[in-house]
Amino acid sequence: MRAKAAGMHSKDCVKVAVRVRPFNKRERDAGSRCIVSMVTSSITIQDPRESQSRRSFCFDYAYWSHSGFTRDRGGLYVPEEPGGRYSDQDSVFQDLGEGILENALQGYNATLLAYGQTGSGKSYSMVGYGPNKGLVPKLCDRLFQAIRENQDTRQCQVFFSMLEIYNEQVVDLLSRGSRTPGGLRVREEQQRGFYVEGLRTVPCDSAPQVEQLMEQGTRTRTTAATHMNANSSRSHMLIILQLKQIFSKESITKQSNINLVDLAGSERQRSSGSEADRLKEGTAINLSLTTLGNVISSLADVAVGKKVVHIPYRDSVLTKLLQSALGGNSRTVMIATLSPADICYEESLSTLRYAERAKRIQNRAVVNESPTERLVKELKAENARLLQRLSRLGQEGRRASDETKELRQLLTHNELQIRAIQTLWEQHLQEALKDWEQQYANITQERRMMQMHPYILNINEDTQLSGVVKLFIQEGEWDIGLCDSTPRYISIKGLGIQERHAVFRNEQRRVTLTPLAGSKVIVNGNSVSQTTELQHLDRLILGSNCTYLFIGFPSERGGDDWSRYDYDYFQSELAAAEGIHLGESSAGSSQTDPSLLAVFYDFIKLMPMVAEANQMSQELNKDVEFKLEIKNLALSDSKGHDLKKEIVIIVTAVGRKQVWMWSKTKFVNRKFLMEDAYQLHQAEKSRDNIAEGLSTAVLPRDKDPFWDPVEPLLLGSAHLWLQSLAFRIPLEEQLEVLGSEGTEEAILQAQLVPCTSTGLAQGEDDILIDPSELLGRRLDFQVVLEQCCGLRWIREARDRGVQIGFRLFDCSHPLYSPSVWHNVNPLLDHRVHFASLHTSQRLLDYLQSSAVVLELWGLQEGCTDLVSSLEGVRMTAEGIFIIEEAGPANPAPVDSAEISCSVRALQQDMEELKSVNSSLRKENHILREQLNAARNGGEGVRGRSVRPSCDAEFARSLKVFYHSMTSVRGQLQRLRRHRPSEDSDLLGFRLFVDEQSRLLRDFSEQLEQSVSTLKQDVAAIVRRKRERSGIWS
């Protein structure tokens, strides 16, 4: 369904279109649900965490491309039913492309911006895929069709340029020469505004020629991304079509620029906000997109009448070049693409907000008159004046011969200049046609080679850049690597590529790959070091992340569709080799948690970046290693619920044995800074300014992206359950401290000790049968941390220390034990006394259902200890922490209706309590009479009975039960952590199954024994009570 809210030319406002794409494989595997709905030009997005929270937006155009489509025989995606709601590529072009073309033909500058997160469908809408052509190729087809239709009334000239902005550097994608260090310069001229100095403009006279130039630019972009180790999803691509129309009869010329801009991915980095990277402002990778947002916000404020002092066009390269498109001389359209999946909610909402601001911008578009045409007119007018003067001088005789000679020279110069201007287009066009013929010859040669030899095909994260580079493996032996000095060499560049990296052999219609010493080669997800025979559609990764698909001999190919082997497929294979399998659910109806799948996909996405960071660290001699980890994978909160999973990167300075934990956001930011440092190192190395094998020392330590000040590190946690405190039963446990991924970090000996207000431990006589007896009474207890055993953190490096941190009930800040250093089995002997002055039902519920989470923090030499914050904490003079007062200090105001409801509920509770109390009083009276009768009868002993009371027996039984359940809980934790080894064979799996069965049997026996013992004890207590009642009665 496509909806159009207003005409294209009613105002010079920025027109905004939003397009919703189908689910991709990742979202389908994650079991995502659609949270976006569309009615005419209105879009509504729902918060997946809160079904009642919805946001609605209205735009000029809205396109539903999520569902309701089918693929015809030609590969085109079309609506399932005629007139269906699905918007195909033609629908989008009719609204947006036709309007841009019409504006350009009228002489206006026109701009199309594509905005959205990476993978949201920007490139598909702009360029398209296969037969589903996007806006750019369709626009070029229609442009040259319009030129042919109007060739009788006007002469048209089209110039094509293509550039990329990455990290604030401009790269000419059509340049014939080598890349300019630091990129091309952006300059400003009063008439032209901002422009790129030295940008190549190629004249074109057909759509196939433009298509060929786009393919050439894409090839350059792919190669540059590999050489620079750049991420194409973080770069902006601009295509500039200059259209000049000369109307001979009217003696006017219209000149317009069509800017087609594919913006970098707009995804928001998920961050808790608790960290602040000291180098956060050091990278320019996001500067253009951030500045573009600031410009749009400022222009939106101007449009609604707010006073804006400054619009920051000059703050980035992108906004300089788009100044005319935003608030200037252009008619502009923005297409915002988004995913409707619940796991992309934050990014999609951010895209919609961005687009909503953009639609308020107003431009001032005017028809452009060519400065070249004005120059021709001025020269012709000057020639007419010169001829007039010459005729007058001729009448005056020879005295003016010298002046006549000078005027004739000037006249000749002007005529040559006019002729040069008029023939310039033809010359440029002839040169471009020669280039086009050469490119066509190269393409023909490449296609011929594809039908003769096997080859490897590049695979890129950006699908538009995949399949661009083809490296042919002809008969014989071929070295592949950096060096290209020998004739039988395949030259590639990238991180981790050696001078001689590997050897391809094509003999007897068999192709083998042999890695050379020190080189990294992965085939189908597995690292190889020996000669490997390649099969058709094998996946190769050379170095850190140079990904290629092997295409076998023509006879082996058949009708295979290699498009399914995309970049994600390569990374999923690598993840599978590390034991992470996605998209696999059980045979039943249950599915993996979508949020967990989303984290795993983040893991896969970051894998190549971590590999590249490790390679840069190695080449720069930084001695730093990076490792991906899923934080909280095996951890839970105080209620036992799983904690939110997120990706972290463990950074280790190997020599100094220092460790940091970086968030995904921080790592991505640092990775771009590492690329800057690496490129600087490579530039200096190429100029021979540094010795072979030595790292550059251009960055001071505080600017080094590989370094950070040391800080405490969360190693893991253990749970000490508080249920025994509700019965005033002491508890002593040996707790396993588990790391994020379930590894055992240490054993922690801890106790819960019910005590008196003076700190003396309470005995068995103080055990309660019913926890409700605590209501309204004081409760004192101590948390005792005795000893840590087997600290892996300190076993790895003796100059380290640890602290234990925890928070209880409503404590807003954690409390920390004193630090202990250099000891694998340190004595902690840390005791904290807590007291509730007036135990409430809320505290009682907390004790019966929660645990105190004991966090193990690792300290490193040079970092400061963690200090308990006592802000907002009430303590007695004896150092007792008060966790609950006698009543609420500042009750929140409530209205009268709430008060009356509460009063009625309390009255009902009071009546029930009175009834229960009355029954208990009667029962108590009967028991007292029976006890007195027994005493008076003389059959009992004098004074206090020596028989243990039923209450005490029951309390002891409960205590035994709770201690046995602690053992059962430990057995359950061992079961949850028990997993087969990653490299297990069939025998290993059988042994794992046998061990799992034994653990299950032990768990079942322990649980059954604990419950059976409790039942027997309770039955014995009841039997004895009945016997005594019979005797005493």
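Every residue gets a Cβ built from N, Cα and C, even glycine.
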For the feature coiled coil as recorded in TrEMBL, pick the matching range from 203-230, 371-398, 483-510, 903-930. 903-930
Beyond the listed site residues GLY116, GLN117, THR118, GLY119, SER120, GLY121, LYS122, SER123, identify every same-chain residue whose Cβ lies within 8 Å of the center of their Cβ atoms for the ATP site. ARG21, GLY265, THR337, SER339
Check the domain 'Kinesin motor' (13-361) for me and report the mean pLDDT. 83
If you count other CB atoms within 10 A of each CB, which of GLN117, THR118 wins among these binding-site residues? GLN117
Counting other CB atoms within 10 Å of each candidate's CB, the least crowded of the binding-site residues GLY116, GLY119, GLY121 is GLY121
Using a 10 Å cut-off on CB atoms, tell me which of the binding-site residues SER120, SER123 is the least crowded. SER123
